[in-house]
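K.L.:
When I checked TrEMBL for this same protein, it listed these features:
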type	residues	note
BINDING	604, 605, 606, 607, 608, 609, 610, 611	ATP binding site
DOMAIN	678-694	domain 'DNA mismatch repair proteins mutS family'
Ligand code: ADP
């Protein structure tokens, strides 16, 4: 065995590393954390630090290290890259150790459990989620360790569980070991979050789980709790009771729709800029920013709750002065959720506690502003804003406003808070002033004006006389201690006496200050629940004042929620696109939908504004149900339960799925999941395949939704032929986005009007692009020929047909469904399918086959 590896310390290293295979082991050696072997090779590359070697020649072990005091930035970088870091400390005093110093891993930092540093983004939650299954029921549990929020829900399938888990944009995903094969691939195809399998041991009863009613909920929550305890090895007093919820409690919006609608980040750059969030966010606190993001991602379904939010937003609009004052006060409120997290975690420092005090001191002001508003929602929040009794006073009396970051080096406890500490401080002050006095005195006595008293860690206090002045010094006056090139340093017995007093007082006061600090911290810990409650209320107020700010600035209107099936928005605008056209060039459009007008078939040339029109409805629904006003002149609308979108997205291909397959999967999700209260947006369905194929599918989808789902639907299409469906489908109405030709140029008016579009735009545009006239004429000829051959069958049906009948309208030569199934089976690339894809494929075949068997 290599010599370096054989040392007792390397043996200890190996034993510890063996328990933390999946993490970088930061092994404490004096003032450094060292990494060895594979860890060192990878860390040197990722952190761009120098790789060295422990031991000589061929026996050497690769090694690299980072200084202990600046380790946080290196750890943050690794966490950001998705790695885990196990921090191994010396847990006994090296001076007292017999043999190798005892070392232990004191914390494993992972992307989902990191508590500080750059990896923790202020304006976003940092969720770790877990997925478990029991007797066919699935459960997802999501917790943010930095704030203590925690919730769990039950779901019916693995696919739903994956969607729900991803909706949290988790930093880390823990899957039950028995579900690993089903989930891991499905997850890693759609997220860069670290996925680890976890073996759950026996699940005990937990107070935090008191509201969870089923074993599967407890199982997913239990996995997270165990994982947190195992990695952090801390008291997690700030974790809140797990809140059970049903996915159906919120407006359901799958992961794809969220991305496509650019709710919290833009599709291309994946940044907040260009998203709905960027336009609407006027929050002043980090807590408010996170709450807003959550509300936009999970709009409410509860009419009363939505109206409450609209109501208080309205009050904030009416009361401009109060709103401005509230904004000023909110600037003084720090991140109470994360402060409480740090209190529980034991990483809080003096400055954090000063921030806590300042934040709590704003509460009476906020309460005084809210009271006169006379709003029932504000009145509900008021009592929740009261600071815990005596806490502000305690913090004010104990922690210095200008305290240092370090909690171990003194200088953070106020004078007058503790008698003993005051005595130590007096001793130090007296000692220091005696020394200062000595300097003046000795200068006078010796006549050496440059004589000075200094201090260093090795020799303590000394008197320094420069070489040219040495002859002025009376022999034997001081005791010589150190010779420098241009000066001599001396001491005296009195000086050393005073020094001993000062140093002792310093040491003792440092220890005492730390002890007093931890006592204060523990007292704060008793109030974590109340602080979290304040944080919750402040974040709500912050979001709503922000809604008011945007509503006023961008002239949004208060939506009126109806119980009947209806959308009536006049002069609606796209909240994001309109900000990019701030010159007033944005063209507002009205949208009317009701039970006799459930479906709009939208035609018009490319770039006319079809998809913008569809998106603006979805975004208005989301804004409305999140509690905000909406960009329009007036708005009446129902509460939607789900939104499904099929809007072309750039990242489809990046995920290795063909665009058409994605298109069909998203369409399937819509037709399977939507109901009467849902909103479906389908943009150019069928574009990804051949014309007749695509057109047939598009028509079948329209008919299916119209006849079976009755969901409110906007369907844009370039198949002009489909506009004939207006005749056969009672609740479908044609609208088009108008464009005109002026001086040989096509001008988009972006106006949505009833009726079908003029269909000849494609060839028209080709003509404008000055393609050869002969070519254009040929295209015209071909178009006429195609049109006469392929008129869409839209005869009024005598009776309402069932789905089988509808799909059998022969738009193209009939194909034997059985042979189609066989053909698909032959072509299937089973080896390249994920388990979920394989199940979907099988299900698809089953459907096809069973259709064939039905009469
Ligand atoms: P389509 O879906 O018909 O191809 P888009 O909805 O993508 O067209 O719109 C194309 C561009 O037209 C958008 O990027 C936007 O800049 C502009 N646009 C769309 N609707 C409007 C509108 N109502 N007012 C002003 N500009 C618009």
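Every residue gets a Cβ built from N, Cα and C, even glycine.
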K.L.:
Can you tell me which parts of the same chain pack against the domain 'DNA mismatch repair proteins mutS family' (678-694), counting only residues 6+ beyond its ends and a CB-CB cutoff under 8 A?
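P.N.:
Non-local partners: 610-611, 614-615, 617-618, 621, 640-648, 658-660, 663, 667, 670, 701, 705, 709, 711-719, 790, 811-812.
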K.L.:
Let me check the 10 A CB neighbour count of residue 606 (ATP binding site). How many other CB atoms are there?
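P.N.:
Taking all protein chains shown, residue 606 (ATP binding site) has 13 Cβ neighbours within 10 Å.
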K.L.:
Around ligand 1, within a Cβ distance of under 6 Å, which of the binding-site residues 605, 607, 608, 611 show up?
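P.N.:
Correct list: 607, 608, 611.
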K.L.:
Could you give the mean pLDDT over the domain 'DNA mismatch repair proteins mutS family' (678-694), rounded to a whole number?
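P.N.:
Computed over the domain 'DNA mismatch repair proteins mutS family' (678-694), the mean pLDDT is 83 on the 0 to 100 scale.
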K.L.:
Hey, which of the binding-site residues 604, 605, 609 is the loneliest by Cβ count within 10 Å?
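P.N.:
Looking at the binding-site residues 604, 605, 609, the Cβ with the fewest others within 10 Å is that of 605.
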K.L.:
With a radius of 8 angstroms around the mean position of the C-beta atoms of 604, 605, 606, 607, 608, 609, 610, 611, what other residues of the same chain does the ATP site pick up?
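P.N.:
Along the chain, the qualifying residues are 716, 737, 739, 748.
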K.L.:
Across the domain 'DNA mismatch repair proteins mutS family' (678-694), what are the DSSP residue counts per state (helix, strand, coil)?
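P.N.:
Split into helix, strand and coil, the domain 'DNA mismatch repair proteins mutS family' (678-694) gives 4 helix, 6 strand, 7 coil.
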K.L.:
Taking DSSP as the reference, which of helix, strand or coil describes residue 609 (ATP binding site)?
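P.N.:
It is coil.
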K.L.:
Go through 607, 608, the listed binding-site residues, and name the one with the sparsest Cβ surroundings, counting other Cβ atoms within 10 Å.
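P.N.:
Comparing Cβ neighbours within 10 Å for the binding-site residues 607, 608, 607 has the fewest.
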K.L.:
So how many other Cβ atoms are close to residue 611 (ATP binding site), meaning within 10 Å of its Cβ?
P.N.:
22
K.L.:
Where does residue 604 (ATP binding site) sit by DSSP, helix, strand or coil?
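P.N.:
For residue 604 (ATP binding site) - judged by DSSP and reduced to three states - the answer is coil.
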